[in-house]
Structures are given as C-alpha cells and as structure tokens.
Amino acid sequence: MNPISGPLQRLDKFPILFFAVMFFGAFSIAFVIPLLSTYIIEELEEPAFNLALVIGGFSLVSLVTNRVFGGLIDAGNRVKPLLLINICAFTLHALIQIAAPSYVTLVILGIPLIGISAGALSTMYSTGRLFAEQTGRHPGTFNLHMRICLSLGWVFGPPVAFLLYGTYGFREIHLAAAASAFIWLTLCLLFIPATLKTHIKKQTQQSNTADTVPAMLLIACVPVFALSAANSIFFSAGPVYFIKEMGLPASVPGWAVATKSLFEVVIIYFAIKPTERIGERNMMLLSGLGALLFFATITSATSINQVLMLCIIEGMYYGICASVGITFIQNYARHKPGIATSYFVNAIFVGGLAGNILTGIVASYTSFQNTILSSVVLSALATLILLVIKPPQSEQLAQTS
C-alpha cells in the first residue's frame, strides 16, 4: 500500500469524521424530499399535477449532475469543491424557501438547486470510495458503513420533519434544514481533504483502457433500477392500501416504515461478512429473491402483526440492495469509480421515478393491491438478470491494485 498523504492522515485516524459528513448530508436532504409533495399541495396550495413538474424537474437535474460530477472526479478533479457545490445548493434552497416561499421560486430556483444538492449522494459515495482505496480499507466494507450512515439519516430525518410540520409549519422545517445544512457544510470544510482526488487516472491511461462505459456496467444497473422501482411503488401505494383497502389504523404505515428502516440498518451492518464470503452478485441475488417473497405475500397479510413481520423481509432485501448494490456496480468499472457511482445513484433515482409513474398509472385503472403486485414483475426481472449476469473480469478487479 502506498504511504497515506498528509491531508488524509487525520481522516484515516478518525474515519468517524467522514461518516458524520455522510450522516448530516442524508439527514439534511431527508428534511426536504419526503415532504415535498405535502409542501406543494398543502402549503403552497397547488394542484397535484404541478407536483410532477417539480419532482420530474429536479430528478432530471440530479441525473445530469451525477453524470457530470462523476466524469469530473474520474478526470482527476478534486472532490471537495464538487461536494461543496452540492451542499451550498441545498443550503441556498432552504434559505430561499424561508425568505420567499412560493411555487414560482420552487420551480425557477428550487428545481435546479434541489437537483444539484441531491447529487451529493453520488459525490459522497465517490469520495468515500477514493478515501477507502487510498487508506488501504476494503471499499465494499466501507460502502456498507456509508450506507448505514445514509440510512440512519433517513431514519431520523423524516420523523423529525413531520413532527415539526405537525407542531409548527414549513418555515420551521426549512429553518431546521438550513441549520442542519450549515453543520454539514462546516464538517465538509473542516474534515474533507482539499487535495483528495482519484488515484486511478494515470494507471488507466498507461493501460490504454478505453474511455467508454462498459456494457456490463449498464446491465448491472438494471437489477438496482428494478428493485428501486419496486420499492418506490410500495412506498407510494402501501400506505393507501393498508388504510383504505385493508382498513388498518392510520398509524400502520408509519410503523411499517419504521420496521423496514430498522431492519435495513441491521442487515447492512451484518451483511459485511457474508458479502466477503459469497460476493456481491450472490448477495444481490438474495436481495432479488427476498423482494419476490415480500411482494408476493404482503397483499395476503390480514393483520398488523403479519404486515410488520413481512416488513422485516422488506428491510432485509432493500438493505442488501442499497448497500451491496453500489459495490456490485462499481466492480464492473473499477477504473471509473466516479462514473460507476453516478450510474448506481442514477439507477436508484430513475427507478424511484419510474415506480412513482407506474403507481399513478396502475392505481388509476385497477387497485392499490394490484399496483403493489406489479412489483413482483420488477423483482422477477432483477432476479433473472442476477442469475445470468457474468461476474466482473478478474483483470478489471485487479486494475487498481
């Protein structure tokens, strides 16, 4: 292993500082994104179809941001300025909605700012990957630790935001988001090394590796996309199905999400050793099989206890997908970690967007039960691809060694 550079030594000695950056990033973003639909419809009093413009708009900006920033990272640009752009965009959005809350400012300024700030996920994952490799850590294990921090941010962020919404209002939510963003910004300024950038560029050029995206990388993104879409469908349709079609109490969707989130964190933590033993592809295959089992049985549940028990399976399958999926995809382009990471995040984003669209279409013509059952098809697609996809070539895996 090469000697660790001076600016990396403090972070190498105290990696919890990087995880703090990751946590506050997820915590900050989780204040805004889950309540966006409520903010537009309830606070700004806009019709529901205007929600599509905002969500579609910032999702598109985020996809472009992930792709551009990933290319810049792989080209040898420093990661810290890119991450600061993400954070400042989020902070500025929160401040604008405090000072001038309106649908016009949300469309004109919010769409680009939310889209750019949502790209922080990809930038932080790329930063973590480079940090892990340059300090001799196992990238796959470090990815799992990053995912735990991300999940914890989303475990605590939305409940706090909804509590503020129920007690105060959206001004207080944006104030809290801005305060969290300032902590995020401060941690980034203090602890992310200013000189951190890819160490792979020269090796790639010397080995004459083609500057193209490997076809297998694109194929590897499909299972992540399909499982993300299936998760998005259930996230949107599940609460309505539980309350309106099953007649369960209104608190059940909240308990279901909490159960899923808890076991998602648990499975991420305990997935490290099994992943080292059987590999990322086999772990992803378990995720696909778990998704098949969950979506095929959740609509057969008849009681709260059955719903919560099945949500344990949901947390397990999605915990594996969200944590192991990034390393699974990165392994198909080890010479382009920035691009590979951006493709992983884009697969998650596009899958979520596709899931929301499918929910609207299927639920409009049938029932929310059938909408959830459509996730079985997506889970089967993911499982089939994971059964037939070839593992990464050994020379690809050794390229950066």
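For all residues, glycine too, the Cβ spot is worked out from N, Cα and C.
Annotations in TrEMBL come from automatic prediction, not curation.
Within the model, the domain 'Major facilitator superfamily (MFS) profile' (14-394) carries an average pLDDT of 87. Sequence annotations record features per position, and here TrEMBL assigns domain 'Major facilitator superfamily (MFS) profile' to 14-394.
Taken from TrEMBL, the feature transmembrane segment covers 16-41 (among others).
Positions annotated as transmembrane segment by TrEMBL: 47-69 (among others).
Among the features that TrEMBL reports, transmembrane segment is placed at 81-100 (among others). If one looks beyond the transmembrane segment (81-100) by at least 6 residues along the same chain, the residues whose Cβ comes under 8 Å of a Cβ in the stretch are 25, 28-29, 32, 65, 69, 72-73, 106, 109-110, 112-114, 116-117, 119-120, 123-124, 127, 170-171, 174-175, 177-178, 181-182, 184-185, 188-189, 192.
If you look up TrEMBL, you'll see 106-127 (among others) marked as transmembrane segment.
Residues 19, 22-32, 34-35, 38, 121, 173, 176-177, 258, 261-262, 264-265, 268-269, 319, 322-323 of the same chain, all 6+ positions outside the transmembrane segment (148-167), place their C-beta atoms under 8 angstroms from a C-beta of that stretch. Here TrEMBL flags 148-167 (among others) as transmembrane segment.
The transmembrane segment annotation in TrEMBL covers 173-196 (among others).
Under the heading transmembrane segment, TrEMBL lists 217-242 (among others). Nonlocal intrachain contacts for the transmembrane segment (217-242), taken as residues 6+ away from its ends with a CB within less than 8 angstroms of a stretch CB, comprise 248, 252-253, 256, 284, 287-288, 291, 295, 298-299, 307, 314, 317-318, 321, 325, 328-329, 332-333, 340, 343-344, 346-348, 350-356, 358-359, 363, 368-369, 371-372, 374-375, 378-379, 381-383, 385-386, 389.
As annotated by TrEMBL, transmembrane segment applies to 254-272 (among others).
Marked as transmembrane segment by TrEMBL: 284-301 (among others). Beyond the transmembrane segment (284-301), the same-chain residues lying 6 or more positions past its ends with a Cβ under 8 Å from any Cβ of the stretch are 223, 227, 230, 234, 238, 241, 246, 307, 310, 313-314, 316-318, 320-321, 324-325, 328, 369, 372-373, 375-376, 378-380, 382-383, 386-387.
Residues or ranges marked as transmembrane segment by TrEMBL: 307-329 (among others). Counting residues 6+ beyond its ends, the transmembrane segment (307-329) has Cβ neighbours under 8 Å at 125, 139-140, 143-144, 147-148, 150-151, 217, 220-221, 223-224, 227-228, 231, 234, 242, 248, 252, 255-256, 259-268, 271, 275, 280-281, 283-284, 286-291, 293-294, 297-298, 301, 340-341, 343-344, 347-348 in the same chain.
Summarising the annotation, TrEMBL assigns transmembrane segment to 341-365 (among others). Residues 55-56, 59, 62-63, 66-67, 69-71, 118-119, 121-122, 125-126, 129, 213, 217-218, 221-222, 224-233, 235-237, 240, 322, 325-326, 329-330, 333, 371, 374 of the same chain, all 6+ positions outside the transmembrane segment (341-365), place their C-beta atoms under 8 angstroms from a C-beta of that stretch.
The transmembrane segment annotation in TrEMBL covers 371-389 (among others). Sequence-distant contacts of the transmembrane segment (371-389), counting only residues of its own chain at least 6 positions beyond either end whose CB sits under 8 Å from a CB of the stretch, comprise 216, 219-220, 222-224, 226-227, 229-231, 233-234, 237-238, 241, 281, 284-285, 287-289, 291-292, 295-296, 298-299, 358-359, 362-363.
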Leading stretch by Cβ pairs under 8 Å, where the reference is the transmembrane segment (16-41) and the options are 47-69, 106-127, 173-196, 254-272:
173-196
